[in-house]
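Chemist: These came from TrEMBL, pasted as-is:
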TRANSMEM  12-40  transmembrane segment
DOMAIN    12-239  domain 'Major facilitator superfamily (MFS) profile'
TRANSMEM  60-78  transmembrane segment
TRANSMEM  90-107  transmembrane segment
TRANSMEM  119-136  transmembrane segment
TRANSMEM  148-166  transmembrane segment
TRANSMEM  178-200  transmembrane segment
Amino acid sequence: MAKVSNRNAIQLAIFVAFGGFLFGYDIGVISGCLIMPDFIRRFGELGPDGEYFLSSSRQSIITSLLSAGTFVGALAQAFTSDRFGRRGSILIWSGIFTAGVAVQTGTEYSIVQMTIGRFIAGLGVGALSAIVPLYNGETAPKALRGTLLVLYQLQIIVGIFLSYIIDLATHKIPSSASWRVPVGLQLVWGTIMLSGILFLPESPRHLLGTGRREEACTARRPTRPGVAVFRQWTFSGFS
C-alpha cells in the first residue's frame, strides 16, 4: 500500500511542478524571439540605413516586464493561497498566465501590447513559483518531501531547454509564425496546467488550517496510507 501511495505522490508532484516548466519556458522563449527578423520588424525601429532593429531600451522593456510581473505575482499569491486554497490559487494564476500569453500571441505591431502581455504572464509564473513548492511540500510524504521539491527546479531547466530548441526550429520561418509558434505554445502548456489541477486534491494542511478535517482526510488518501494513520497525524503533526 505504501508503494502505491508513494507512486501517487510522485505523479502528483511531477504534474504540479509543471508550473516550473511554464516559468522556464517563458524565460527562455523570449531570448530567441528578440533576434527573429519578423519580430524585429514588428516591434523594432527603422534605422537610418533602412533596416529595422531592436534598440537596447526596447529589448530591456520586453524582457524586464516579465520579471516585474513575477515579483508582484509572488507577493500577491500569499493572499490567494490562503483565501482560495493552494489548488484554487494554482488554478487562478494559471489562468492569468494563459491570458497573458494570449495577449502576446495576438499582438500585431504594438510593443505596448506585447509588454503588457509579458507582465500579465509574469504575474502567473511568479505566483506559481511560490505556490507550487508550497503545495508539493504540503502534499508529499515526509520521506519524499525533499526529493519532490527539487522537481520544480528541474522543470524550470527543462522548460528553458525546450524553448531554445523550439526557437531554433522556427527561427527561419519567413512570417510571424517564427515567433508566434513558440510564444503561442504556452497556451497549450497553460491549458494543461489549468485542466490538470481540476483533478488534484487540495492541500491537507490548508484544509486542516481552515477547520475542514474530514475533507483533509479525503485529500490525504491518494498520497498517504489509510485513514487510521490520518487520525493520529491530525493530532501529532504532519508525517
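Keep in mind that glycine also has a Cβ here, set from the backbone N, Cα and C atoms.
Where the annotation comes from TrEMBL, it is an automatic prediction and has not been curated.
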Chemist: So what's the mean pLDDT when you look at the domain 'Major facilitator superfamily (MFS) profile' (12-239)?
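Modeler: Average per-residue pLDDT within the domain 'Major facilitator superfamily (MFS) profile' (12-239): 82.
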Chemist: Would you kindly check 12-40, 60-78, 119-136 and say which stretch has the most C-beta pairs under 8 angstroms to the transmembrane segment (178-200)?
Modeler: 12-40
